[in-house]
């Protein structure tokens, strides 16, 4: 199946149905759902898609369709299709491709078969060829005409040129001219009459009208030959003919006008130029179709990639939800099992107490019924009752105490863990001091045992070392004091720089002011655009960012843990904190990382206040800017502004 038609192997029809099948095939061909023209200007048969030869000239294709349609050995469906195709080529395709009359007549003559089922109605071009052949032979292909098509009309009425009458326009109306140009010519000092150049359409329809124009004047013996014979006659008789090379090359007003507004071409040249233009148009359209198909393919690939990413994200989201639900289900199951176990133990204890109570009550009744029961037994029974009630109350208190002890044990474990870490620090410090003392004692022992030195020298050396130690300690205290003063001055200078450089350090600069602990709004805006509509995304992003900025100020939320690495304590962020985990599930990595970064900055720069603080920052290296870098930047900016002034 190709282009909506069935091949001859698919179906067959009887001879009585050939006529109807031919009409259906012809109607389908006229709808345009077929491919007949190739990009290179050749043609193809839509009913012979599987054959080796697929490229035909128009004449060969018409002969192919007519031959198969008239064959007696072919199937009925194939003959009907090719008969309809032959009709379509002659009636519909030939006028649309502007086939020259000579080529069309040759194609029809070559394809004619005596046994054809019906003769197609003549097209406008074939009727022109038949009418022109009745009076004279058609012009050969080598005959040269003036292009665009023009005709010469002499002895016209001068009043028509001045617009006084419309008799000439009425006479030429049946030839459908596009324009008429009046030329007033003189020869030998006297007027030769008014000559009119009649212009026709730049198509084969215009050529048909021009040939019909010449035929009419020839039939009235008012053609070019008669005008040449009676050239001295200036009577009012109109003479007309189609412009050819003789008129074009004539040294007169007619020749000059034709050379200025036209050129000489044969029918073959006009046909080749038209075919060339059509070939270019077809190639251009084919190229545009290929480009659009490639664009469509690219968009399909992009769409498939996007769908794949979306499906992958949905799968990962479902997987995270499933893992979260499984974990919550396990926690609920564990809590439920623990609660059931406690309830079962309580029920068991209650059952034992009820059994004891019933036994006591039964025994009490028996004792009441006995008259011989003495007072001691009655007291003993009351004591047992009281003990049972006390045991019940004790059981209740015990349960409350167990819950309280569990909570206290949890707190004691946390305190013990903190105490262990503190003791480890103290032990490390103590071991370091002991090691220093041992080293000093060992050095002292070595010095005492040195040969050639007596006790006085050793004592003198000890005093000297003591003096040096005191001097070093004094120097150390002085240095510490100066360091504190320098640090205080440095911090005061940084604060003054922060205050003074707020207006200077704006925009994209190497050294700037960064608000430590402030959330990155861009991450929240990107997440809100993905989750909410565009008109409410900015509002939702602002609300979410503001709520988490307030959450960072909450002193009760401190998702950090202390880890000892190489003898040093470090505070690390708890990655599986419930709040951070929930935030990551709802809004993704960017928002969660922004909150983590703000938490780390607050814990480093303002752990007690938990509010945003400004800091001079080196944005290139992503670190705190040194005083040297700040001073260098200020000097560079000052020199630049001074140079501009």
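Every residue, even glycine, has its Cβ placed from backbone N, Cα and C.
Checking TrEMBL for region 'Disordered' across the ranges 282-307, 308-333, 334-359, 360-385 points to 360-385.
Looking up the ranges 114-139, 140-165, 166-191 in TrEMBL, the one annotated as region 'Disordered' turns out to be 114-139. Taking DSSP states H, G and I as helix and E and B as strand, the domain 'Factor of DNA methylation 1-5/IDN2' (514-644) has 75 helix, 23 strand, 33 coil. In terms of DSSP helix, strand and coil, the domain 'Zinc finger-XS' (45-86) has 24 helix, 1 strand, 17 coil.
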